[in-house]
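Listed features, source TrEMBL:
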TRANSMEM  20-40  transmembrane segment
TRANSMEM  46-66  transmembrane segment
TRANSMEM  139-161  transmembrane segment
TRANSMEM  167-186  transmembrane segment
TRANSMEM  237-260  transmembrane segment
TRANSMEM  272-292  transmembrane segment
Amino acid sequence: MATRVRQAVWDCFSEARPTVQLVFLLRYLAAAGLGSPGGFPHPSRMLVGAAGWFLATTAIYLFNGVADRPEDIRNGSTRPIAAGRLPTRTALTAAGLLAAAGVACSFAPGPVAGALVALYLLLGYAYSGPPFPLKSTYYTCTATGLAAGLATYLAGFVAGGHPLDEALLVFAGMMTLWMGGVGGVAKEFSDIEGDRSAGRSTWPIVLGMAGETRLLRLLALGVALTFWTFASLYSTSLLWCAATVLLGALAVVVTAGVLHASADRSERRRPYIAFMWTQHAAHLVLGISLVAGPPV
């Protein structure tokens, strides 16, 4: 019994995509840190709030895994639900428990933080659930990604308990565009078959492989160069973060540039991998810069 429970917990965690969970947590902590250069007024409340956001994000992605099961099977996904290792009923039960725990924890920094996580969970449901899943069209899918990123930074800022500053505005704004714009396009390359079978109108289905590639390369370079410009003008301590994103944008450009119509799923996933690791790297660089000194 204990072994089955441990396996179910691990499968739920794996289904929720640990690398994605980590970057959402990093977003929350980044906003809290940039909003708190003098230290956190209530560090324990902030950490409980961060745990709540992590739990809520895990619930959202578990629910998405259940909703995406037919398409994931069509795409050849090896995640637990598509592979049949995690029953959908177990995943839905876990998602409900995680969502409830996430809401409870997220009220620790205050009522505004709690209200934000409730709205965040509603957004997560709207993305995958009936009556009109926002994942079905390229424009609603991208808008949802932007909203989820912005909500995470806003929740972290609220938990930080300090006035808004230029560094937070620049970093959160640019990384939200990186997530919703660049990531929203890059993630669709590897799921074309399943999305088409489900009747979705995603970026590659609407624009074709060549059109989506051009759009992705333009977005990646555009966001990176804009980040560098704003960091130079308003918060020079973010220049290392901007440089990290610029290097990541070049990786996205290169990996997207070599794609062709007959590329297999692993090849089509490379731009997304470059996008994802750029997010992690930029937030880690920010953490190092905050430890080294306050933003200027």
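Every residue, even glycine, has its Cβ placed from backbone N, Cα and C.
Values in this document were obtained by computation on a predicted structure and should not be read as measured data.
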Query raised in the report: So which residues does the transmembrane segment (272-292) touch in its own chain, when a touch means Cβ under 8 Å and the partner is 6 or more beyond its ends?
Result: 19-20, 22-23, 26-27, 29-30, 33-34, 37, 171, 175, 178-179, 182-183, 186-187, 189-190, 220, 237-238, 240-241, 244-245, 247-249, 251-252, 255
Report summary line: Same-chain residues at least 6 beyond the ends of the transmembrane segment (167-186) with CB under 8 Å of its CB atoms are 27, 30-31, 34-35, 141-143, 145-150, 153-154, 157, 203, 212, 215-216, 219-220, 223, 226-227, 230-231, 234-235, 237-238, 241-242, 245, 249, 252, 256, 271-272, 274-276, 278-279, 282-283, 286, 295-296
